[in-house]
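Report on the structure given below.
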Amino acid sequence: MARIAGVDLPREKRVEVGLTYIFGIGRQTSNKILAATGINVDTRIKDLTEEEVNELRKLIDADYQVEGDLRREVSLNIKRLKEIRCYRGIRHTKGLPVRGQKTKTNARTRKGPKRTVGRKKKK
């Protein structure tokens, strides 16, 4: 298994797809990296030479913010929004959708499972 940026890449996958297992690298970024290094998109990870793996590793470490650093930056950005008490920060704090979606119905992913409020029966 090739290990890049602290992530074990699956051996049987194509390099294009395998790189997307690294947090912060999607298909488009993966294709840019492969174009820059000159590695064929259809190559399987198990078929990469040690030189090619090192080249990928160097390029990703130098030019891209991935894994722990990126996660830390995102969490610090959210923390800053919460501290300055802006609208987006308040939505994060309350666990509601941040980007303007309606919440009268739906929004269950952010709000969690439905909690029914009990009421007294009439006599």
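Backbone N, Cα and C define each Cβ position, glycine as well.
Within the same chain, residues 88 sit at least 6 positions outside the region 'Disordered' (95-123) and bring their C-beta atoms closer than 8 Å to a C-beta of that stretch. Annotation comment: Swiss-Prot describes 95-123 as region 'Disordered'.
Residues annotated as compositional bias 'Basic residues' in Swiss-Prot: 101-123. Taking DSSP states H, G and I as helix and E and B as strand, the compositional bias 'Basic residues' (101-123) has 4 helix, 0 strand, 19 coil.
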